[in-house]
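Annotated active site, schiff-base intermediate with substrate per TrEMBL: Ser75, in sequence order. Look at TrEMBL and you will find Cys89 tagged as active site, proton donor. The active site, proton acceptor annotation in TrEMBL covers Ser238, His253. What TrEMBL lists as substrate binding site is Phe16, Glu74, Phe232, Glu257. The pyruvic acid (Ser) annotation in TrEMBL covers Ser75.
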Amino acid sequence: MAEHEVILAGEEPQFFEGVEKLLEVWFTREDGRIDNCNLRKIPRHQLVSLLKIVRCEIISSVQNDQLDSYVLSESSMFVSQRRFILKTCGTTTPLQCLEPLLLLVTKYAGFDAVEDVYYSRKNYKRPELQQSPHCNFEQEVAVLDSFFKDGAAYCLGSVNRDCWYLYTLHPLRGPRRGTTEPDQTLEIMMTDLDPEIMSIFTREECSSAAEATLRSGIDKLLPDMIIDDYLFEPCGYSMNGISKTEGCYMTIHITPEPEFSYVSFESNVPLESYKEVIMRVVKTFRPGKFVLAVFANKTSVAAKAPRELEKEASFGDWLRHDVHYCRFKSYDLTYALYSKFPS
């Protein structure tokens, strides 16, 4: 969520692409000896240089024992022992950082192999404004294939309406090296937001990010998290939340302009069911429609959550219009599209 330009009376608002590109990379070693390896050893100035390639910068950061969390000028970055997450909106170019990232990991973190890659995004509202290699999914897949073998690309949903793209590695090959640790992710991508709610995330309505967080109820979505939030000028909002001791995070990014409003929510908090969290999120932001993506591997307490959500035909006033269930090597995934009746 980048700073938005002031719009003069009578002018068309300058478009901003709220849809994020999400890159998640898990690292390992060929010999399995990862105890002394850690992505958090990469110096901050090297991360700053990496983000320049992506066309964004660090605004603020918080840490706990397991996780470094960064609010960026365009969304977020999270770094733990062996997982790197980069989530960027606007016209950023995250895939351009892959080669320097792999070099930094080898030089500073001690890993020598990539265990898994997940690259995903919703379809853009204005794809013609994107920079290479993000002009279309085929171009993005070509870049990813140049780095990784056995990559597989998917499109879930309606390609001429709302869809979600995913690229991952060897989805059906044998077990991964080492022990698969519990992992899960919930993503909610919302459009056609309630203008009254969106007005909270403007400098005209709120003088600080803390005020916007409290007025909107964001602090109640997943309580007991350390919140790092930022309110842009003249509008726009980003926040990261991390648990006090564990490697759990949440992140929210808001593009509030009514012509192209967009809100994303993401968390890896382990829960047996995500139904209550999803309901809290959509009641907080009141979107006209939202896309849902839920990942969980077999060792997670959320292992049954994708199957549970596959059966969820509605969330209050939001009715399901599309659903896909996928089973990969280590993860199950459910994608679904919901919208308010009578969409």
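Easy rule for this one: first residue shown is 1, then count along the chain.
Using N, Cα and C of the backbone, Cβ positions are placed for all residues, glycine too.
These figures come from a predicted structure and were not determined experimentally.
The Cβ of Glu74 (substrate binding site) has 26 other Cβ atoms within 10 Å, all protein chains considered.
When the Cα of Phe16 (substrate binding site) is compared against those of the active-site residues Ser75, Cys89, Ser238, His253, the shortest separation belongs to Cys89.
Nearest neighbour of Glu74 (substrate binding site) by Cα distance, taken over the active-site residues Cys89, Ser238, His253: Cys89. For Phe232 (substrate binding site), none of the active-site residues have C-alpha atoms inside a 10 Å radius of its own C-alpha, out of Ser75, Cys89, His253. When the Cα atoms are compared, His253 (active site, proton acceptor) and Ser75 (active site, schiff-base intermediate with substrate) turn out to be 6 Å apart. Residue pair Ser75 (active site, schiff-base intermediate with substrate) / the residue listed as 'active site, proton donor' shows a Cα separation of 6 Å. Reported as a whole number, the C-alpha separation between Ser238 (active site, proton acceptor) and Cys89 (active site, proton donor) equals 11 Å.
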